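What follows is a set of notes on a single structure, which appears directly below.
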Amino acid sequence: MSVDAPRRAAYDVLRAVAESDSYANLVLPPLLAERRISGRDAAFATELAYGTLRLRGYYDAVLALCATRPLSEIDPRVLDALRLGAHQLLGMRVPPHAGVASTVDLVRDVAGPGAAKFANAVLRQVGRADPAEWDRRLAERATDRLELLAARTSHPAWIVRALRESLAADGAAGELGELLTADNAAPRVTLAARPGLVSERELEREHHVSPFPGVPTAWHLDGGDPGRIPAVRQGRLGVQDAGSQLVTLAFAGAPVTGRDRVWADLCAGPGGKSALLGALLAERTGWADGEADGRFDDEAETDARPVLVAGEVQPHRVGLVQRSVKAVPRGLIDVRQWDGRDLGRDEPGRFDRVLVDAPCTGLGALRRRPEARWRRTPADLDSLTGLQTALLTSAIDATRPGGVVGYVTCSPHLAETRGIVEPVLAGRDDVEPIDAVEVARAVAPGLAGIAETDGRGPFLQLWPHRHGTDAMFLALLRRR
Ligand SMILES: C[S@@+](CC[C@H](N)C(=O)[O-])C[C@H]1O[C@@H](n2cnc3c(N)ncnc32)[C@H](O)[C@@H]1O
């Protein structure tokens, strides 16, 4: 084989993403292991695959200026190889001759000598200018400022428009460029120290782990595979974005009146928030392993014992929830398969707290999933928003007066955030907003950028460029 193993691996990942709708972060690690690619070669293949996927929009704009035919008429196998070549030339420190020659070899391998000649001509053009010069040439030809920003920062234009609107609604219209740039920086892995299950002292003894400033349960992993940490394997520590942790802590910290031990997580899979909530509930109620055995059997009161009912619609994801919560003291979490839209009808007014971590476009986590921005389309919103409204309505119905509902998305798109919550609030008189910004600031007073959220409530919108988290949204509602 004339192509080196790391480049071939990156190419195969791009093809798997294009042809079988695979997720790069699920395809690459097993492929590296199977081909015994490790160390610097594995790091090179990873940067090449993820960087190319993330910056595809920018490279396509540059390639369109260099190719003699429209990109839509280029063999997709050749186009993916050209994107890899462009990333080596413009996004990595690969010497130009190596970037061009290795890509031409790859194209010859997968599409024959004619295509290799074409690739050689295109990539030589790409290599003749540096990124600053390409920026200038893109600007020269642009007819629309937003389209230019989209090309430069490698985002689909509809996503740039949606992010601009959401920033404006959050009083931060001027921060669009910073947000788009933050989406292109691969984040460090963040861990959640599940309260009562892992101590600060144990974490301080771990190499490569340091506190994430401001969010009390969050820690950074400074390198390496989280799976090598025993506490992660045991479920006492979980891989979870700091923003996901913060919205969970804020949901659990919002004041309820009266009883506070019967909780539900309506959309639980794969179980990151359920594990954190379960650990919090155990800590708060003093629940320990085995307490279910007998202690509450004689209680006359229904729901005398604490419980977190964690439900998920997809059977295989129900299994993931069970795995995720395995370290939480036994008997506390009741994992179920359900359609969360039915809970309000089946168990009306039962719960003190109900969390809806709604299925959404995921536009707030683009930095974590290199290919996600190219997968989503505006049409996805049509099927999601009806479901989101139904889930929120069910959660409110399942909550008792004085209890709290948390509505969360890992998307800042207004159609999925305020666009869901505001009409539901306007349409019912048995629910009112709680200031989620205030609750979050009490839970995470040291978080970067949290002080500047002053007066922006009642909804909380986190941002990667400002808070160093995914762009999570949180609304807190009190049932009257
Ligand atoms: C954003 S994810 C939840 C993430 C989870 N809370 C965590 O922290 O790990 C949304 C989940 O909702 C599930 N879902 C979709 N429709 C649902 C429904 N009607 N009822 C319950 N769960 C649903 C999806 O399968 C998906 O697992």
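Cβ atoms are placed via backbone N, Cα and C, with glycine included.
Note that this is a predicted model, so its numbers are computed, not measured.
Lifted from TrEMBL, the feature list:
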type	residues	note
ACT_SITE	Cys410	active site, nucleophile
BINDING	Cys267, Ala268, Gly269, Pro270, Gly271, Gly272, Lys273, Glu312, Asp339, Asp357	S-adenosyl-L-methionine binding site
DOMAIN	165-480	domain 'SAM-dependent MTase RsmB/NOP-type'
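Locations of recorded TrEMBL features on the structure.
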residue : record                               : contacts (Cβ under 8 Å, 6+ apart)
Cys267  : S-adenosyl-L-methionine binding site : Gly311, Glu312, Val313, Gly340, Val356, Asp357, Ala358, Pro359, Leu391
Gly269  : S-adenosyl-L-methionine binding site : Glu312, Val313, Gln314, Arg317, Val318, Leu320, Val321
Gly271  : S-adenosyl-L-methionine binding site : Ala310, Leu320, Val321, Gln322, Arg323, Ser324, Val325
Lys273  : S-adenosyl-L-methionine binding site : Gln240, Ser244, Thr248, Asp265, Leu355, Asp357, Val408
Asp339  : S-adenosyl-L-methionine binding site : Val313
Cys410  : active site, nucleophile             : Asp241, Gly243, Ser244, Cys360, Gly362, Gly364, Ala365, Asp470, Ala471, Met472, Phe473
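In the three-state DSSP assignment, the secondary structure recorded for Lys273 (S-adenosyl-L-methionine binding site) is helix.
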